[in-house]
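**Q** The structure follows.
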Amino acid sequence: MLVHPQFDPVAIAVGPVAVRWYGLMYLLAFVLFVVLGRAHARRRPELGWNAQAIDDLLLYGVLGVIIGGRLGEVLFYQPGYYLSHPAEILAVWKGGMSFHGGFLGVLVAMWLYGQRSGRGFWQITDFIAPLVPTGLAAGRIGNFINGELWGRPASPDLPWAMIFPWVDALPRHPSQLYQAAGEGLLLFAIVWVFAAKPRPLRAVSAVFLIGYGSLRFVAEFFRTPDPGIFSDLVPGLSTAQWLCVPMVVVGLALLKHAAHARARG
């Protein structure tokens with residue numbers, strides 16, 4: 001049975017300046033976005049993206065992720081706590097970022113970028129969809145290093161079951177790593193390959209929505225659920241699972257629309 005290594009959350013400390021692993025994982029996510037974005041632009045030159053446009057996308061995306069992710073954590077998961085401690089809302093370095101909030105923040109940011117650049121919203125989301133999952137993987141690895149978002153109790157016979165000593169002595173699923181592998185690496189492989197060929201408008205975005213929503217919904221059964229505003233709607237389903245449902249529904253609707261558009265030619 002494995003035991004969590006209890007990493008020091010600070011990766012580098014020089015005097016009073018400390019760089020945390022969680023921040024480095026965000027930096028890695030942003031670097032991967034640029035590297036993959038340029039590779040995607042090279043393999044699909046007809047899409048009309050260049051290095052400057054990708055850098056602009058990153059700037060808008062970073063703002064959307066940070067602002068939306070934090071607001072999502074505040075509104076979806078801990079509204080009572082943050083109403084009592086409003087100064088903590090700005091303490092993003094302590095963790096506490098909601099994917100679904102960050103996702104909505106990025107959508108708003110991409111719409112704003114589209115207004116400035118003259119590009120269509122779905123043209124933008126279809127381009128960035130293959131670039132996002134590796135960043136999600138990096139974020140989940142950051143969660144694992146931080147020792148947060150641990151899994152539900154697991155059978156002691158499970159070879160990779162892990163004890164998180166600061167929680168209890170029970171073997172648990174390392175759900176952060178499940179999510180890094182699933183909604184990170186597996187989803188990246190699916191969307192990256194799908195986006196390699198010309199697709200109808202909205203189709204790549206649809207595959208991302210369906211893939212992420214489905215994989216996250218399943219992963220939540222292995223992760224200790226976070227208390228949230230939808231936690232009590234149906235026993236056994238978490239707030240994150242409820243937030244994944246509209247992602248899948250919208251994704252299916254977009255895929256159907258894209259298929260009809262292709263059929264009409």
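Yeah, the Cβs are placed from backbone N, Cα and C, and that goes for glycine too.
From Swiss-Prot, for reference:
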TRANSMEM  17-37  transmembrane segment
TRANSMEM  57-77  transmembrane segment
TRANSMEM  89-109  transmembrane segment
TRANSMEM  127-147  transmembrane segment
TRANSMEM  176-196  transmembrane segment
TRANSMEM  201-218  transmembrane segment
TRANSMEM  233-253  transmembrane segment
**Q** Give me the stretch from 89-109, 127-147, 176-196, 201-218, 233-253 with the greatest number of Cβ pairs under 8 Å to the transmembrane segment (57-77).
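**A** When the Cβ pairs under 8 Å are tallied, 89-109 comes out ahead.
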**Q** So which residues does the transmembrane segment (176-196) touch in its own chain, when a touch means Cβ under 8 Å and the partner is 6 or more beyond its ends?
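**A** Residues packing against the transmembrane segment (176-196) from afar: 36, 40, 43-44, 126, 129-130, 133-134, 136-138, 140-141, 143-144, 148-151, 203-204, 207-208, 211-212, 215-216, 218-219, 222-223.
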**Q** Given a Cβ distance threshold of under 8 angstroms, which distant residues of the chain, six or more beyond its ends, lie next to the transmembrane segment (127-147)?
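**A** Answer is 4, 6-7, 9, 21-22, 24-26, 28-30, 32-33, 36-37, 40, 47, 49, 57, 61, 95, 97, 99, 106, 110, 164, 166, 174, 176-177, 179-181, 183-185, 187-188, 191-192, 194-195, 204-205, 207-208, 212.
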**Q** Taking residues 6+ outside the transmembrane segment (89-109), which of them lie with a CB under 8 Å of any CB in it?
**A** 20, 22-23, 60-61, 63-78, 82, 125, 128, 136, 139, 143, 146, 148, 216, 240, 243, 247
**Q** Counting only residues 6 or more past its boundaries, what in the same chain has a CB within less than 8 Å of a CB in the transmembrane segment (201-218)?
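**A** Answer is 99, 120, 122-123, 125-127, 129-130, 132-133, 136, 179, 182-183, 186-187, 190-191, 194-195, 240-241, 244-245, 247-248, 250-252, 254-255, 257-259, 261.
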**Q** So which residues does the transmembrane segment (17-37) touch in its own chain, when a touch means Cβ under 8 Å and the partner is 6 or more beyond its ends?
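**A** For the transmembrane segment (17-37), the list is 7, 9-11, 49, 54-55, 57-58, 61-62, 93, 95, 127-128, 130-132, 134-136, 138-139, 141-142, 145-146, 192.
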